[in-house]
Amino acid sequence: MTTNNFFFASHVKILVILTLLVIITISAIIRHRFIDIPLERDEGEYAYAGQLILDGKLPYDHMYNMKLPGVYASYALLMALMNETRQSIHIALIFINILTVILLFLLGHHLSSPVGGLFTATTFSILSLGASVQGIIANAEHFVILFSMAGLYTLLKSMEYKSILYLFLSGLFLGTGILMKQHGIMFAILGIIWFCIKEKQNNNIFKPPFFKWGLYLLVGLILPYMFICLIYTGSGLFKPFWFWTVKYAMAYSGQIPLQHAWTGFLNRGIPIVQTAPTFWILSAIGLVFSIWSVKTKKNSILIISFTMLSFASICPGFYFRPHYFILLLPAASICTGIAMDVLVKKCWGKKNITQKITISMVIAFFCSCISIYNQKEFLLEMTPVQACRSMYSINPFPESLKIAQYIKDHTRENDKIAVIGSEPQIYFYSNRPASTGFVYMYPLMENHEFALHMQKQMIHEIESNPPEYIVYLRHQLSWLIRPDSHDLIFKWFETYRNENYNLEGLVDIGENQTTYSWQPHIKWPPSSPYWAAILKRKTNENF
């Protein structure tokens, strides 16, 4: 390499790094505004499970849910390294987002050019901030894409360097992505497809090296799940682990009829596109470019399969929760990078690489400004509590802080509590153990064969471990009661409450204001249809 070429290469690298730092810094500054945002219920579930793990207890024994335990372990690790606070969780999310942005830059660079990589990173930074995908919330999807993108990038580098170690690490990353949430299996399948495509391009498909290398990838893929299975087998908890993560998960995924899927997708997808239309238009253009040039561009099939499997990852159960769409953002961002790379080459092909990067970043700045302007009230003006209300309406997430603080102040460390509602964040905030493993009421209200048994099991657990305090949520969003829901839990609770508990506090949740009242000044009846009752167990003197 000549001195001039070396200087030019160094100059480009410095420009790329500085641009990437600017992208990361802007995103981090905006995200930092929301570190005080109240935890929503999924975050509360992960944080409470993390607390249990740090206390030496396993999920599916002391807490039930269908998600695989990877995200619980991740929360436990983050809280062990930092603090058991919502602020620490959201600061950790900033770093997770930064790592994901860097990985997507590397992927975009590998699949196109520095121009494509930087535009990919910019797109993801902006799209992953959106309220329409609940991007400032530390949902499991952020963890899925972090490990999955690490796996995909490591896979590509393993094929480039002919490294079995990299290939094995790729499998480990992709397998760990599955543990974060079952949706991650689509990216594991994508990794296998990419491996086969690359081997075919290298004329190794179905030859002895193909099977040898493929074995390393597959072993890496299954090791994380096998490790978890061994842990639960050794602890005697494999049966509940299997029930919740497989049997119930399958029942849960069959709740929504296929004919409702398209409507659900549009209801969630349209607002996401509306917040950042220029990025999504470029993403569509990039996908078209990939399809159009599928016979001549070696990475086209990689990008097309990436998009298809990413879309498949948001479809299980046809729920289309807003945060599910985070799983689609990496592929969409890669497509915008492809579009920008092709457009810059076609329109400014005679420019040098520095000029091309500058042009693409000017366009990225324009697209980003449109997206931020469309969400300026949310991203730049709202307080954390207002942002929470904006995303989650009248869900009792801000109220959970004060409820939990009251319980923490009036109980001892080992006193058990129960939340009759789907608000596990109260357990986390109060740092008090639950007297039942059912931290969500939703499974008890659903139409599946296990619902009535779950209600009976919850009743038995609470009666066997009487909580010092009960928080009862009269809130449809905390129950999602259906016309065909079993009502055993309600009939039982009415009697159990009257016989064993006194009303200690009332939280009257209004659209614009929440009123808290405590004994002896409780304001009954509540003026809102949404309220929470804090009940204290009667002592012997009360009977």
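Cβ atoms here come from the backbone N, Cα and C positions, even for glycine.
Feature annotations, courtesy of TrEMBL:
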type: TRANSMEM; residues: 6-30; note: transmembrane segment
type: DOMAIN; residues: 71-224; note: domain 'Glycosyltransferase RgtA/B/C/D-like'
type: TRANSMEM; residues: 89-111; note: transmembrane segment
type: TRANSMEM; residues: 165-195; note: transmembrane segment
type: TRANSMEM; residues: 215-234; note: transmembrane segment
type: TRANSMEM; residues: 278-294; note: transmembrane segment
type: TRANSMEM; residues: 301-319; note: transmembrane segment
type: TRANSMEM; residues: 325-344; note: transmembrane segment
type: TRANSMEM; residues: 356-373; note: transmembrane segment
Going through 165-195, 278-294, 325-344, 356-373 one by one, which has the most CB pairs that fall under 8 Å from the transmembrane segment (89-111)?
325-344
Mind checking which residues of the chain, 6+ beyond the ends of the transmembrane segment (6-30), have their Cβ under 8 Å from one of its Cβ atoms?
94, 97-98, 101-102, 105, 114, 117-118, 121-122, 125-126, 128-129, 353-354, 357, 361, 379-380
So which of 301-319, 325-344, 356-373 is most in touch with the transmembrane segment (278-294), counting Cβ pairs under 8 Å?
325-344
At least three Cβ pairs under 8 Å linking the transmembrane segment (165-195) and the transmembrane segment (356-373), pairs spaced 6 or more in sequence?
no
So which residues does the transmembrane segment (301-319) touch in its own chain, when a touch means Cβ under 8 Å and the partner is 6 or more beyond its ends?
111, 152, 182-184, 186-187, 189-190, 193-194, 197, 252-256, 258, 260-261, 264-265, 286-287, 290-291, 294, 325, 327-328, 330-332, 334-335, 338
In terms of Cβ proximity under 8 Å, which residues at least six beyond the ends of the transmembrane segment (325-344) contact it?
100, 104, 107-108, 111-113, 115-121, 123-124, 127-128, 132-133, 135, 139, 141-142, 144-145, 148-149, 183, 186, 268-269, 272, 279-280, 282-287, 289-290, 303, 306-307, 310-311, 313-314, 351, 356, 359-360, 363-364
